[in-house]
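Record features, source TrEMBL:
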type     : residues : note
DOMAIN   : 60-95    : domain 'EF-hand'
DOMAIN   : 96-131   : domain 'EF-hand'
DOMAIN   : 140-175  : domain 'EF-hand'
TRANSMEM : 215-234  : transmembrane segment
TRANSMEM : 286-307  : transmembrane segment
TRANSMEM : 372-389  : transmembrane segment
DOMAIN   : 416-545  : domain 'FAD-binding FR-type'
TRANSMEM : 552-573  : transmembrane segment
Amino acid sequence: MKSVVWVILRAAQQAQGCQGDMSLEEDSRWLEWVTKQFESIAGDDKEIDLDEFKTALKVKESFFAERFFALFDSDGSSSISLDELLEALDLLIHGSETDKLRFLFQVYDVDGSGSIDPDELRTVLKSCLRESAISLPEEKLDDLTLALFESADKDNSGSITFEELKAELENFPEVMENLTISAANWLKPPDLEQKKCKTPRYLTRAYWHNNSRKLLFLCLYALLNVLLFIIAMLKNAHGGPWFMVAKGCGQCLNLNCTLIMVLMLRRCLTWLRATWVLRVLPLDQNILLHQIVGYAILIFSIVHTGAHVINFARMSQTDGMYQLWEYLFTIRPGIGWVNGTASNTGVILQVLICLMVVCSSTFVRRSGHFEVFYWSHLSYIWVWALLIVHCANFWKWFVVPGVVFLIEKLVGIAVSRMGGLYIVEVNLLPSKVTHLVIKRPPFFHFKPGDYVYINIPVIAKYEWHPFTISSAPEQQDMLWLHVRSMGQWTNRLYEYFRQPESQTIYNKRLSASLRNRRHESRIENHRYCNIKCYVDGPFGTPTRQIFASEHAVLIGAGIGITPFASILQSIIYRMRKQNYPNCNYSWCETIKDNEMKLRKVDFIWINRDQKSFEWFVSLLTKLEMDQADEEPEGRFLEMHMYMTSALSKNDMKAIGLQMALDLLAKKEKRDSITGLRTRTQPGRPDWAKVFQKVSEEKKGKVHVFYCGSPALAKVIKAQCEQFGFNFYKEHF
């Protein structure tokens, strides 16, 4: 056993570390970790049986667990010892390509005959499909088996030998980069990831360049707060240090409680995005700045309140006129410009501010309780009213932005009530996505990637929720929204249309086209209806800049494709306009030649499962058809699909399936998973390789637009900074 451990540790020393070998301490820590993992699985008998192996390996298919177990159990004792486990680690982590291929061949050679026959290959591929959560009909499985078998069986002997399998794998060089069992995380020590000695991203030139507007704004914002704090302290020096601190924080609160409102003037910001102001101020990051100002208000208010409490405690001890509780909860001391209510309103304000911050946290909003955030945030009306009563000077800060805010709200109410909008069609899509088709009024104009607030009284009379418009502006008659069920309101929406007994209320003023379909369609997951709704918007997002870009990279994660669905459809129309300049369709009239600066678009869509691709597969098919005659290297739009539930090509449990899918896709010129011409890639993108390829194309300045989870946004943004790409995140 010692020899095995020595071989593994030496191999690890050669492969790991940051400009140096592993230390003896790291060696011992690695061995200790492997031993602990083994002991936690093996139990008292110090051996791992098949059931324990299945649980630890975390594979969905027992076929692979049984095959791996049989190969790990080198002595045939029906259990795996620590010595056998370390030998397996040596092979799977540090073995040569030939060693790993020999192991892979033995997995496929179920009967141990030394060759793989068609039935064995079909059994393996079927297990691969289940392991990758891919659902295909039996005839497609037969096609995959035949494609791989015919390609690998070079001598037409009716079976595949090890040499033939090795020769076939040479056609897939990316597979051998890191061939291992990715699901067996317990086999690989966490501390042996390659560490890179690099400068923290916040100190890099690329980070400062890509975030220059935001950093400049934050510097000016911080400087203004410091100046206001110092000036207020100096003016109130007569009241003592704690009184000075309270007044300094109070003056900063005047600024921040006004600025937080300015950052949410959506109509004004949408208008400013079309002006030179966008090049100076970080308008596309107004939500992030809104959150920063919100946390600043919380901190300033806590310090402001604490300083006053300490000051009141000191006053109650020195003059003895009032007790501390009287200063805080009564109007007897007469503090404040409106009937001495400063202390009372201050306590209420502190409670409301803390409540708003807690209820707006990511944990609340992302845990399916968006309504908690929505209703608690409406208390901003009470906060502003109490601030006017609480502070004698707040109204001077508030009056102008407050009037603009009021005008925006009135305009929003007027716009939402005009036009008589109705949901005329509903499609229930996989993964609980509700596709709403809304009759679009003539006066409603928007740009690709914009979003709206929608209110559906039959779902919730007073709730408004924001969603990206997924249809193109050139579609004059309809407005599309794709709503993912993630909270109470969105789930109620989905369930309302899913229940067969729920009847749609029809309005008497239906158009003639809808009158013929008066009764609700019984087609599964699809129905026609006439449900009243209200829409407020549209509001601009960072994606408005896409047509001013030269090389745009659109990255959508899951339902984050919605803004890009609108953009891609708009691209179709604009490309047709360029190809057919004499087009007489109405959508051609509003398109200016100078609006289209794009030279290349890369669209990347990342989904967890196969079903999610059905959301927009028809749209993507149209995009491919429009470019069917173009050579791959000359295409204006290049699409990349990733399915994260599918195991990557270098995973031993999926390598055969991915090879078969590649071969069949080349033969049929169509991907078996989505039906598109674009091949669906398994696993997650290697962003370094993706952006390296984009950089090498040299199609102009690269702008990356992203919509999806915040965690992935951080990863992509860091990569963009390394390559000097501009990064824009959809956030509202």
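Glycine too: its Cβ is placed from the backbone N, Cα and C atoms.
Just so you know, TrEMBL annotations are computer predictions that nobody has curated.
Source: prediction; values computed, not measured.
Between the transmembrane segment (286-307) and the transmembrane segment (372-389), fewer than three CB pairs separated by 6 or more residues in sequence fall under 8 Å, so the two stretches do not touch.
Within the same chain, residues 98, 101-102, 104-105, 108, 114-118, 121-122, 125-126, 129, 649-650, 655-664, 667, 672 sit at least 6 positions outside the domain 'EF-hand' (140-175) and bring their C-beta atoms closer than 8 Å to a C-beta of that stretch. Residues 59-61, 63-64, 67-68, 71, 141-142, 144-146, 148-149, 158-162, 165-166, 169, 176, 179-180, 647, 652-657, 660 of the same chain lie 6+ residues outside the domain 'EF-hand' (96-131) yet bring a C-beta within less than 8 angstroms of a C-beta in it.
If you look at the transmembrane segment (372-389), the same-chain residues 6 or more away from its ends with a CB under 8 A from one of its CBs are 253, 257, 261, 336, 338, 341, 345, 348-349, 352-353, 355-356, 359-360, 364-365, 395, 398, 402, 463-465.
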